[in-house]
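Taken verbatim from TrEMBL:
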DOMAIN    17-148  domain 'EamA'
DOMAIN    158-282  domain 'EamA'
TRANSMEM  18-36  transmembrane segment
TRANSMEM  48-65  transmembrane segment
TRANSMEM  85-102  transmembrane segment
TRANSMEM  108-125  transmembrane segment
TRANSMEM  134-152  transmembrane segment
TRANSMEM  188-210  transmembrane segment
TRANSMEM  216-238  transmembrane segment
TRANSMEM  245-264  transmembrane segment
Amino acid sequence: MIARIAAATERLTPETRGALGVVVATLFFVAMDAIAKDLAARMPPLQVVWARYTGQTLFLMAIFAPRLPRLLRSANMRIQGLRSALLFAVTILYFTSLKYLALAEAAALMQLAPLMIVGLAAVILREQVGPRRWTGVVLGLLGALVILKPGLGVFQPAALLAVGSALCLAAYQIATRMLGQADSIWTTMLYTTGFGTLCASAALPLVWVTPEASDVPLLVGIGLVGFVGHLALVWALGQAPASQLAPFNYAGLVWAIAFGFVMFGEMPQATTLAGAGVIVGAGLYVWHRERVRAAPRPRG
């Protein structure tokens, strides 16, 4: 079965393989989020975060055990520490938001991250951002306001957790740019998951709730599902440049709507769909402008 799939993918172009890899990765990431939402209804979100990080760390260590000493060498420990802390914040904020928000609503707000990267790049990296890209950022924020519905009496404060998670994710991506290619992707993954495991483990005794027997497979599975999602993403990025694959990350919204409906009976509100459409459209516009900006100009 696996051999047939591998043979079939070899007939595809690298760009198509990369796109499929991203779509599969988003499927596993949203599945992880759905498991987190389900578990967060019965235990503290921090306990779910602990299971997610600990599981992935154990899987990584099992696979790379002979190479661990070499993989743990980092060229920039300070940036690795910053990235790890930011990703931990992303996870704890997002998993907590899932306790209160519909899956599609939280996923839509997370799509603000690519737009926030533009603003952070201008402030932190001193990157030149033209009026067209700023327009895309403003449109994306307007889309978020449509979802948040402030002033209409139906505002959900927990939505700010998802927005905060998106902001931390944008900062995480900026830190990744600052790190560059100094460390391998496996070194980076070991540090981020290891940091999350240590932080969550330190606080776990304060919130621990003994899980039901039926929840144990989910606590184990959430780490495995997240790990497989990261493997799919790493494979996809090895097929084609990240800039070409970026639009396919929006497949996560489709998966979020599907998982929300099947697992929780959630039907996205019209405002959620409209706001998500504006955010995705703004994100695609900013992505297009960045590609135009990066394209080599013909010499006259």
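A Cβ is built for glycine as well, from the same backbone N, Cα and C atoms used for every other residue.
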Sequence-remote partners of the transmembrane segment (245-264) [C-beta within less than 8 Å, at least six residues beyond its ends]:
18-19, 21-23, 26-27, 29-31, 33-34, 37-38, 102-104, 106-108, 111, 114, 236-237, 276, 280, 283-284, 287
As a test: from 48-65, 85-102, 188-210, 216-238, pick the stretch that has the greatest number of Cβ pairs under 8 Å with the transmembrane segment (18-36).
216-238
Look over the recorded stretches 85-102, 188-210, 216-238 and say which has the most C-beta pairs under 8 A to the transmembrane segment (48-65).
216-238
Mean per-residue pLDDT computed across the domain 'EamA' (158-282):
87
